[in-house]
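Asks: From TrEMBL, for reference:
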type     : residues : note
ACT_SITE : A:Cys85  : active site, nucleophile
ACT_SITE : A:His192 : active site
ACT_SITE : A:Glu194 : active site
Amino acid sequence: MKAAVIRFPGSNCDFDMLYALQDFGIDAEILSADNNDLNDFDAVFLPGGFAYGDYLRTGAIAKFSPIMAAVIQAANDGKLVVGVCNGFQILTEAGLLPGQLQVNKVPGFICEDVELLIENPNTAFTNAYETESIMIPIAHGEGNYYADDATLAQLEDNHQIVFRYAQNPNGSAHDIAGIMNERGNVFGMMPHPERAVDAVTGNVDGQPFFKSILSEIIAGD
Amino acid sequence: MYLAKIYVTYKPSILDPQGEVIKSALTRLDYTGISQVSQGKYFEVKLDARDVEAATAEVKSFTDSLLINQNTETYRFDLSIVNEDEATL
């Protein structure tokens, strides 16, 4: 099992994601967004940051980078595709997840630990959690999830909402912090589980996120 | 050569947090009659096309695919004929 962490120009959480994956024994490496082939990889991670300076809109330029055709192919092949923060924004811009991340309801960059409710514990990203709520840091200026009413109803009906904010920090519709596609292999969230895996940071609530992914990948092998 | 002036705005149903902040700042500056502020984006694109229909089709195509996010944004544009070195704005 091998995982790729995609580095876009302007990614800044690529090493955090790499270290978190390696902490759980996952064979991971950083791959430039200039590549166009993910055939050697079983899972793909789009890290946080400001890809292409977030020019135009967050993720708007990144969605046309060479790697994205391969990311879409990986998603269609049923491989795990995970986007955190800027990675989530890129996945929505690319159409792999519905909706859009807008400027926070009260404009400004929010950097704090927030409580997340595990809305769907039966996913490839949450199956190792034994609690119903966790603390995970957020760090974003554009985390305000928007989708039209029909899309939101579909997300609710299909249990695609994986994490919700206990106290909505950014105006997200339906308190959404993380969603997956209908098939359950493409996932995006604004909070940063990769920043909550090491005890020295004072918070290990991100560990079961990676344990869940690991068990899913092993089960898929 | 054609010049497209493209005006991007939020769809009416979409909350515009930046517009709201600007509105409250204007109110603080004693502009008491401000009832609404919305913030959009403005693009100028020069392009070659064989005729105005082709230019119109191309502007719509690249605006839909890159310049806007159709979840929340809409746009209108003006098209005119210009010389390559002509200053815009």
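Cβ atoms here come from the backbone N, Cα and C positions, even for glycine.
Note that this is a predicted model, so its numbers are computed, not measured.
Have a look at these and tell me how they're positioned relative to everything else.
Replies: The Cβ neighbour count for A:Cys85 (active site, nucleophile), using a 10 Å radius and every protein chain shown, is 28.
Other Cβ atoms within 10 Å of the Cβ of A:His192 (active site) number 21 in total over all chains.
Of all Cβ atoms in the shown protein chains, 29 besides its own fall within 10 Å of the Cβ of A:Glu194 (active site). In the three-state DSSP classification, A:Glu194 (active site) falls within a helix.
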Asks: How big is the gap, in Å, between the Cα of A:Glu194 (active site) and that of A:Cys85 (active site, nucleophile), rounded to a whole number?
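Replies: Taking the Cα atoms only, A:Glu194 (active site) lies 11 Å from A:Cys85 (active site, nucleophile).
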Asks: Check A:Cys85 (active site, nucleophile) against DSSP and tell me helix, strand or coil, would you?
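Replies: Where A:Cys85 (active site, nucleophile) sits, the three-state DSSP reduction gives coil.
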Asks: Could you state the CA-to-CA distance between A:Cys85 (active site, nucleophile) and A:His192 (active site) to the nearest Å?
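Replies: About 7 Å separates the two Cα atoms.
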